[in-house]
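One structure is given below, encoded as structure tokens.
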Amino acid sequence: MAAAGGQLSSLRCFCCVLLFLSQFYILLGGESTEIPPYVTKCPSNGLCSRLPADCVDCKTNFSCVYGKPVTFDCTVKPSVTCVNEESRSQKNFIINMTCRFCWQLPETDYECSNSTSCMTVSCPRQRYAANCTVRDHVHCLGNRTFPKMLYCNWTGGYKWSTALALSITLGGFGADRFYLGQWREGLGKLFSFGGLGIWTLIDVLLIGVGYVGPADGSLYI
């Protein structure tokens, strides 16, 4: 009985040592049970050729001819499962795409940050520095996030038709300028009766052609 008890105690100690070593191995960067963050973008058991770019690693060739069709060898990343057209599990596959860098893609293939601090109604028209990111399903060469200078195109909710209607009907009282947030000009028109009609006619023309816009620099809707 004493011998059996000693063997059982030795076995427990051995198991504890193995458990400690396994945890120590994980802390040192060994095998981890954590799911990589990109897995949430990867559909399970979908076609490999339709996986988002974040789910695969491809051997790209930057010496390809711009605008020409090209094929690249790709491998799915760890923890990603996909199948071929015959519904068989697959790790390595070929992807077809057009030879071009990510910043050369059409505007519909990426999303950019917006700026509400630049003037859209100005001459010349202002630009702002935006950060653009390629959509998940689009494949391209180079960095998928890139800077780009874009024209100011945000809107504050002002309608061109409303501004024009106010300018024609109540422009003599400065209603159009008040609506656009230009209260100083609105007060000037109010107390001068629309500049005796001259200012009113000028504003109708300027608002009609879009030269006069909202005070916050946004576009009409």
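Cβ from N, Cα, C; glycine included.
Residues or ranges marked as domain 'TM2' in TrEMBL: 157-204. For the domain 'TM2' (157-204), the model gives a mean pLDDT of 91.
What TrEMBL lists as signal peptide is 1-29.
Residues 185-190, 193-194, 197, 200, 203-204, 207-208, 210, 213-214, 218, 220-221 of the same chain lie 6+ residues outside the transmembrane segment (158-178) yet bring a C-beta within less than 8 angstroms of a C-beta in it. According to TrEMBL, the transmembrane segment annotation covers 158-178 (among others).
For 190-212 (among others), the entry in TrEMBL reads transmembrane segment.
Look at the domain 'TM2' (157-204): DSSP puts its residues at 39 helix, 0 strand, 9 coil.
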